[in-house]
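K.L.:
Once you've had a glance at the structure underneath, I'll fire off some questions.
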Amino acid sequence: MSCVAAAAAVSAALVDNDSDNNEEDGDKGDDKCSATARARDGATMASGPATLATDCTVKPCPLRAPLVVTVVGLPCRGKSLAAHKVARHLSWRGESAKVFTVDGNATNETLSEISLFFKEGNNVAIIDGMHLTRASRQTVATFCCDAVFHHLLIEFTCNEKCLQENVTDTVQFYRKLDQNIDWERRFRESNEHWTPEFEPCTALEGPLITVNNSEDPMYHSVTARGVRGAIQTDILGVLASPVIRQQTFYFSRHGESEYNVLGRIGGDADLSPRGMKYADRLARQLGGPGSAPDCPRPKVIWTSELRRTIHTVQNIPGPRAAIKDLNEINAGICEGLTYEEIQERFPQEFAWRDQDKFKYRYPHGESYLDLLQRVDSVVQALLTNTDVLVVSHQAVLRCIMAYFKGVKPDDVPYINVPLHTLLIVRSYGYDFVVETVPLKVECVDTYRIQPKNCSTSRTKADALTTVPAHFDAPLSQQMSTIS
């Protein structure tokens, strides 16, 4: 299930919306200024303070108006990890998101930085602070109302067990930065100081997601109210899964295949002799025959449905699954051809792909944009696990590694994922560190650098909307659809 689909399922189950808020997004159904959002029902009206209403004139937000997300919660509730997880996911999916870290509340300087950020063409600002009082949150809400930005509140809580785990983990992280400070005492005193100040969010304050944080999916819960639009729904889907603090993943392409040796793309070719040697070497690295007692051992193994990935892991112990979404990019009419044959038979197609490799879709096949959407469900599933080995293909792993490396979509097709190399990804604070481990088995190099000059007789826009005469009408409709 894609992230958006998962978010929709969560939203259907948990979000309280009354009939006044069921319009589709559009000129009549756009979000109103969240600072002046009316109560959704009588019970909410009674529970929320009337003083939250403001004299700010209600203005409809354009559908694609920028979004400001205000993070709310006491220290060590998992706010920062979740905020950076949301920003990473949105940026990976093509939005321009950034986390603005503040000590307590957003200041006028923070809001000025956000205004400049939006003027530069970006569209999602996440303010990572505490914002414990209604007055502090009202400052941001009024700013959004005046500037006609969408506004979303995300409030984080957790139980005592989760709080202790968060404190312990945070202390260990900061001790690496400065061992002369008693970090545990500092965080406990901070909690004691700020707890009396905390005023939980109410429905009167605007669209709200409440996260009860836990690494245990049985205790992690998310509720939402007033969430609408694709980006807010996407955020809800990301937050629905618990944030695992310490994670390790293993990624590898299949061993060299017979098609790799011949320079052909796609297909379901089996491993070459050197590819089989790499499979044995990878098994020794990850708990298979001949491995060291202290070597890492994946808890689960995911491969594509194609033979070359399944045979690459055949000697690695552990439960496994062949996943369709990990199959290589579909090259359509170019399946099984070499790049030289593609250039000879379809010169215009070859040039168009070099012009915009991310959005170009093979006739009757896929684009990298299609692929990024396809592997979304894989990435979201990975983030709820650890110690997973994924053996897949070059284009697929480019899309997955783009998430962990923070690579922008247009640069995804040029991430180098070499054959016969193990990539180990470890979480480190808010970020991920990628370790490259070549296993020193000779193989071909399948990496193609980005061409410096790929001009043709037509423009880039033509390349994305025009189809050569040798394709029929239904296919021309497919080729003009990029997303």
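Cβ from N, Cα, C; glycine included.
Just lifted these from TrEMBL, have a look:
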{"type": "ACT_SITE", "residues": "His254", "note": "active site, tele-phosphohistidine intermediate"}
{"type": "ACT_SITE", "residues": "Glu328", "note": "active site, proton donor/acceptor"}
{"type": "BINDING", "residues": "Arg253, His254, Gly255, Glu256, Ser257, Glu258, Tyr259, Asn260, Arg308", "note": "substrate binding site"}
{"type": "COMPBIAS", "residues": "17-28", "note": "compositional bias 'Acidic residues'"}
{"type": "DOMAIN", "residues": "65-102", "note": "domain '6-phosphofructo-2-kinase'"}
{"type": "REGION", "residues": "16-35", "note": "region 'Disordered'"}
{"type": "SITE", "residues": "His393", "note": "site 'Transition state stabilizer'"}
K.L.:
Could you round the CA separation between Ser257 (substrate binding site) and His393 (site 'Transition state stabilizer') to a whole angstrom and send it over?
P.N.:
11
K.L.:
With a Cβ cut-off under 8 Å, give me the same-chain residues at least six positions beyond the ends of the domain '6-phosphofructo-2-kinase' (65-102) that come close to it.
P.N.:
3, 110, 113-114, 117-118, 121-132, 137, 140-141, 143-144, 148-158, 162-163, 166-167, 170, 187, 190-191, 194-195, 198, 201, 211, 213, 231-232, 234-235, 238-239, 243, 245, 372, 376, 379, 383, 402-403, 406, 408-409, 430-431
K.L.:
Arg253, His254, Arg308, His393: which of these recorded positions has the sparsest Cβ neighbourhood within 10 Å?
P.N.:
His393
K.L.:
Pairwise over Arg253, His254, Gly255, Glu256, Ser257, Glu258, Tyr259, Asn260, Arg308, annotated as binding substrate, what's the top Cα to Cα distance to the nearest Å?
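P.N.:
Those residues reach a largest Cα separation of 14 Å.
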K.L.:
Closest to Glu328 (active site, proton donor/acceptor): which of the recorded positions Arg253, His254, Gly255, His393, going by Cα position?
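P.N.:
Looking at Cα distances from Glu328 (active site, proton donor/acceptor), the smallest one goes to His393.
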K.L.:
So if I draw a 10 Å sphere around the Cβ of Glu328 (active site, proton donor/acceptor), how many other Cβ atoms end up inside it?
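P.N.:
Glu328 (active site, proton donor/acceptor): 25 neighbouring Cβ atoms within 10 Å.
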K.L.:
Starting from the substrate site formed by Arg253, His254, Gly255, Glu256, Ser257, Glu258, Tyr259, Asn260, Arg308, give every other residue of that chain whose CB sits within 8 Å of the mean position of their CB atoms, in sequence order.
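P.N.:
For the substrate site, the extra neighbours are Ala269, Asp270, Leu271, Ser272, Gly275, Leu419.
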